[in-house]
């Protein structure tokens, strides 16, 4: 019975151990599922965060807005489009044929000879065409001049600043937008400007004009409230979405079981997402050009407009896709695959050989190298986190910034590898020093001391 009881006890113990082993697996599976959901959400949010940041820069930064749209004034297709629009507007208001006809009618009243009158009739239509061509030529010259580019840039800045001031309800602007959609003008600021002008012209009673606190409604539209709401959401989202995205990535990787693999596939997802966004922009470009040309503008002008407006966003997308690729490569090298382990072994052997060569030549990093070797992992992790922080705060992310940060991170990692003294090497050095010299010196001292003692003994 005792053997049977022992067998039963062992069976119960094994069943208990099996249940214990099963529970962590379920937890680990649950962790993997949660990490996958969080990281997938981060990948889906990445294109939205990039576009939100781009939109915020255009809405908030007047300099960036002007830098985006000002170059359009120097584009030949846009210049031709603007010149054609100006010419059409002038011809709608001014009838050049009627003006020429009036001039020629006045000439006919001078009792010209019949041949002169006939010749004059033949010149009337060419004269009207020549006048139209003259005006068109002047318009194109003006649009192609530097003065037009300056006017274009100033108009863009003025329009952007006034629109932002209205949407933000800035107290310094004369136009105010109420919560109910009423757009009003503050007469107090107009009166203050009138007082300044009167004072400059020497009108003494200008100081007697009191301050006026009165607004005059000039328009009412519920759409204006919607525009302000969209503006506020876009500004807030453009600022916070990148940080939310970073938090999701960090949380997902910390939750994941295999963090290197999680980082690898997340980075690949980022790269694919941004490449798909770039492809989507290419498709959108085709649809935009087809939608506005030739009814609104020429195809060349539409192409120039789209390319100029999205140039910053396009470069940012390419830079972020490159970030995804670089991080994926780093995560793969940090993984446990055979190829990654082999490459790390080759690199480690190379750095070890270099450090050994320096040691033989008397070049040692000493205590600094020991400290660097002890905190080797945290130092590299902190450098990687700093690189990510630089990219997050650099808005917009430029291709040159990505290359510069990557090169700096690689150089820093190489320097750390050359400076550090691994624990194994330091321990072997420490073991070699006390076992050779002190032992030999003690033996020598003992051997040399023993004959001396015998030598000093008196002879029997």
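Residue positions begin at 1 at the first shown residue.
Note: Cβ is positioned from N, Cα and C throughout, glycine not excepted.
Per TrEMBL, the range carrying the annotation transmembrane segment out of 398-419, 420-441 is 398-419. Segment annotation: TrEMBL labels transmembrane segment over residues 268-292 (candidates 193-217, 268-292). When TrEMBL is compared with the stretches 312-334, 335-357, the one noted as transmembrane segment is 312-334.
Per TrEMBL, the listed range annotated as transmembrane segment is 32-55 (candidates: 32-55, 56-79).
Taking pairs at least six residues apart, the transmembrane segment (268-292) and the transmembrane segment (368-392) share fewer than three Cβ pairs below 8 Å and do not count as touching. Most Cβ pairs under 8 Å with the transmembrane segment (32-55) belong to 230-256, among the candidate stretches 230-256, 312-334, 368-392. Sequence-distant contacts of the transmembrane segment (368-392) (same chain, six or more residues past either end, CB-CB distance under 8 Å): 242-243, 246, 323, 330, 401-402, 405-406, 408-409, 412-413, 416, 419-423, 426.
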